[in-house]
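Trainee: Let me give you the structure first, and then I'll get to my questions.
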Amino acid sequence: MYINIWGLKIGAILFSKFQLVAAETLRIVRDMSEYSNIKANVPTEIPSKNGKEVEVEDDTNQINLENIRTLQVITGPPPPSPPFDPIQRINDGFKYFKLNEFNKNMPSYRKLADKAEPKFLIFACSDSRVCPITILNLRPGEAFITRNIANMVPAFNQQRYCEVGAVIKYAILVCKVEAILVFGHCRCGGIERLVCLPDGKTSSPDSVDDWVSIGKPAKAKVVGKNPKASGLELRALVEKESVMNSLANLLTYPQVKSGVASKKIKLIGGHYDFVRGHFDILGTRS
């Protein structure tokens, strides 16, 4: 009888220890599940001394004990990324295009081999975040595109900016485009530089400053109407007004002026906000 009583006491102590160990094990398993994201089933109850069940908090992030991954403890900085390989990136990009685009649309590409009839001439910014083809879901052959800093169009000048005149002339006379889109965008670095330029000076030895000075009439107009505007607000206003300034400059090109007068060409100004995912038509000339 003496042995049985002590046996029961020892058994009770051991069972109590087992409950503590089991509860701690479940806590550790659940903590690990939060990091491993492995789903499975974990028992949410353990037996008690009296044959009843002791409830343990349920957790929707359950895992299977057999699938527990050993957590790797990072004791130092991560290994350096491999150096950028431009040739590899080009090859990988073309392989993806060939497999997922070209091979699936070969009849369309064969058709383009004979003739392209784009409907749009687009003046877009060189900014890497702004791709008209992607943003407007254009297909190959739909648009004749030229890009420059801040998507600007200078006024017609036979002595300067001959590349702009060449693009316009080719698009209208050879490609027979029906619309010219000036594609502005938010957070434009070229417009930011324009806003910072001192007023009055019309030329600069710096090529970037000289180019963005094309938009000075737009800046002056915005500042005149909004003298208290500054920072991002001022930049956003100048971005949009610069698009309208470029539309006005387009009308100084003989081919554009003639095309608009005969209603064969429509001028469109647009602004893309890649922060909010918006595209607005700012104005048209037709």
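Cβ from N, Cα, C; glycine included.
Pulled these features from TrEMBL for this protein:
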SIGNAL    1-23  signal peptide
BINDING   C125, D127, H185, C188  Zn(2+) binding site
Trainee: Other than C125, D127, H185, C188, which residues of the chain come within 8 Å of the Zn(2+) site, judged by Cβ distance to the Cβ centroid of those residues?
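Mentor: Residues close to the Zn(2+) site, other than C125, D127, H185, C188: A124, S126, R129, V130, A150, N151, G184, C186, R187, G189, G190, I191, E239, Y272.
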Trainee: Only counting partners 6 or more residues apart, tell me which same-chain residues put their Cβ under 8 Å from the Cβ of C125 (Zn(2+) binding site).
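Mentor: Those within reach of C125 (Zn(2+) binding site), by Cβ under 8 Å and sequence separation of 6 or more, are R147, N148, I149, A150, N151, F183, G184, H185, C188, G190.
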Trainee: Taking DSSP three-state, what's D127 (Zn(2+) binding site) in: helix, strand or coil?
Mentor: coil
Trainee: Helix, strand or coil at H185 (Zn(2+) binding site), per DSSP?
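Mentor: SS state of H185 (Zn(2+) binding site) = strand.
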Trainee: List the residues of the same chain that sit at least 6 positions away from D127 (Zn(2+) binding site) in sequence and have their Cβ under 8 Å from its Cβ, in sequence order, or write 'none'.
Mentor: H185, C188, G189
